[in-house]
Amino acid sequence: MTTTARVPILADSDAETVAVKAIAERWGLPFETTDNDVFQLWLTEGVLALHWLQSPQKMSPLVVDFHQGKAAYRAQNTQLKNEAIAKAVGVTGQFKPSVVDGTAGLGRDAFVLAGLGCNVQLIERHPVVAALLDNGLHRAQKEHDFIGDTCLRMQLIGTDNLFTGSGYTQEPDVVYLDPMYPKTGKQKAQVKKDMQMFQQLVGSDEDADTLLEPAIALAKYRVVVKRPNSAPFLAGREPNSQIKSKKHRFDVYIKRGFHESAN
């Protein structure tokens, strides 16, 4: 992963101070601002937002909100037959594999899998992104509706668990990876504003190839890697099968068939 930039967290009011300290302590974030800050996190009425202070164009703060936008619509209108990710992970009407999302990001793919009925444990290596995701999950989980119920099947467990192999509440059937991949030319122009901010903060996963082996070791049945159609195989390793969509493909590394004994 690209070196983490310094991003301070601030409270919008005195009432938020205790909560801000708890977030900062959990994710190792500083309180002090500097004149060189590129990003700042602000907690306002319980909502954590990332502000890009030096953005080339005016951008709204980045917030993880599972009740808004295309993610909410997609989760509520997902059909197994239309979801390439479901086919790759192995979701059926009768079988909902447990999943570890080792590169959770803003939680969007994990949210789709949870909407399909999977229990998903999330790992996000960037502490600022993890803090945003954690805040979004906790807010959503308080709501007694489909979105809230979906988010209850999502659990953010930490930042480095894929490499330590610890902290999981259950052994995952599937490990899912979607490492950041450098975009160039036309691809950059097509990236939406919220993802522009995300990519500026996180950069590309320069060590992405190192994720595959621990993922294979952890998964009970398979590892699924999401890649742009033009991208090479992760770690140069050819998958057992592929599921392709318009812009992406899902490379599937199979250890054994579902329900097949490990012995």
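Positions of Cβ are set from backbone N, Cα and C atoms, glycine also.
Look at Swiss-Prot and you will find Arg108, Asp109, Glu124, Arg125, Asp178 tagged as S-adenosyl-L-methionine binding site.
A coil conformation is recorded for Glu124 (S-adenosyl-L-methionine binding site) in the three-state DSSP classification, outside any helix or strand.
In this structure the residues listed as binding S-adenosyl-L-methionine are Arg108, Asp109, Glu124, Arg125, Asp178; their two most distant Cα atoms lie 16 Å apart. In the structure shown, across all protein chains, Arg125 is the one of the binding-site residues Arg108, Arg125 with the greatest number of other Cβ atoms within 10 Å. Listed binding-site residues: Glu124, Asp178; maximum Cβ neighbour count within 10 Å falls on Glu124. Within the same chain, the residues at least 6 positions away from Asp109 (S-adenosyl-L-methionine binding site) whose Cβ sits under 8 Å from its Cβ are Ile85, Asp101, Tyr176, Asp178, Lys226, listed in sequence order.
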